[in-house]
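Written below as structure tokens is the structure these notes are about.
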Amino acid sequence: MRDALNAGLIEFLKASPTPFHATASLVQRLEAAGYQRLDERDSWATVPGGRYYVTRNDSSIIAIKLGKLSPLLGGIRMVGAHTDSPCLRVKPQPELQRQGFLQLGVEVYGGALLAPWFDRDLSLAGRVTFRRDGKVESQLIDFKLPIAVIPNLAIHLNRTANEGWQINPQTELPPILAQVAGDERVDFRALLTEQLAREHDLNADVVLDYELSFYDTQDAALIGLNGDFIAAARLDNLLSCYAGLQALLNADSDETCVLVCNDHEEVGSCSACGADGPMLEQTLQRLLPDGDDYVRAIQRSLMVSADNAHGVHPNYADKHDGNHGPKLNAGPVIKVNNNQRYATNSETAGFFRHLCMAEEVPVQSFVVRSDMGCGSTIGPITASHLGVRTVDIGLPTFAMHSIRELCGSHDLAHLVKVLTAFYRSRELP
């Protein structure tokens, strides 16, 4: 089971360089399992036992397995994650031609670690909107090949580079794509038109706009002397998306189960398809249109907010509270913050710990050092929007928000096992 899950994760990561591609990958797997698309613009006719999914903006998705039992009796079992990761996004008018090189201006998306982006073989992917035969259409593209690089400045020209380096994203991050002759001008949108023709065999009249991200072309890999680790881009938080998907597909429960994977978590979640938007609430209200029934069902429900946790790094162990240092390959982490940066409380933490014990899955706890600030997740946002009880958990990782992150190769199986048990659980606290 562990090897198959890890192989599936690596394949999923490769197919998902952007939130748009991640959502498409989730859709492909859900449809293969018999899930049917619900269009938000149409009226819905759902049936008990039905399997459905909803997307918004092509970058957020909610998968729903309606139970044979009413949510008024058993509640709804929800797992939440996010599809986006810190990266470099291409600007609207990006062309830069300096010193005979074609470069693209980029904007930093989210709280990225910038130094690891240098000297990487980069490609470009995302969504392109264009006009064809008088109609406006959109399509996903992925160059796949390494088409760009951000070369470092040689240490001979930057003698203090190893003493601390403040990266200027405006001047130092534009990737180099090609050399160009003297007065030659390159039109980036024309390049996108060519890519649409190559990848999808369609002839766009004009590219109108785009949302494109650079990404590292190095594939995810199982590494370490004993294969103890998975090194990959976008583990935060496609690791949790994939774990939630596998658990949902495994769940043969009579209860109603939901997986929600939102975009824009890394930039605050405040969007139409983000966790701070109305997507999940509107979807659940359409399934439970009576206001009284909706509140009753939500108060019987529970959300597991799954987002990676900071594993204790052997070189920087003092960055953790001495009693709360999550270890890689030691199971999922319950995240606690009394200032509500995480939504966990004693009842939801206790229930998750109970599930882990019943499934013989190791479980850990994390609380930030008292002299450091604490990050947050979609957990508190979802809890405050829905009024649903929530526990924040995640798998321990190193190098969070780097272009290449690291997690334990045993932990995915741990998380899938306990989330499957959660979906199958007959009673919630």
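Glycine is treated like the rest: Cβ placed from N, Cα and C.
Positions annotated as Zn(2+) binding site by Swiss-Prot: His82, His156, His401.
The structure, with features from Swiss-Prot marked on it.
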residue	record	Cβ neighbours (10 Å)
His82	Zn(2+) binding site	29
His156	Zn(2+) binding site	7
His401	Zn(2+) binding site	19
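According to DSSP, His82 (Zn(2+) binding site) sits within a strand segment.
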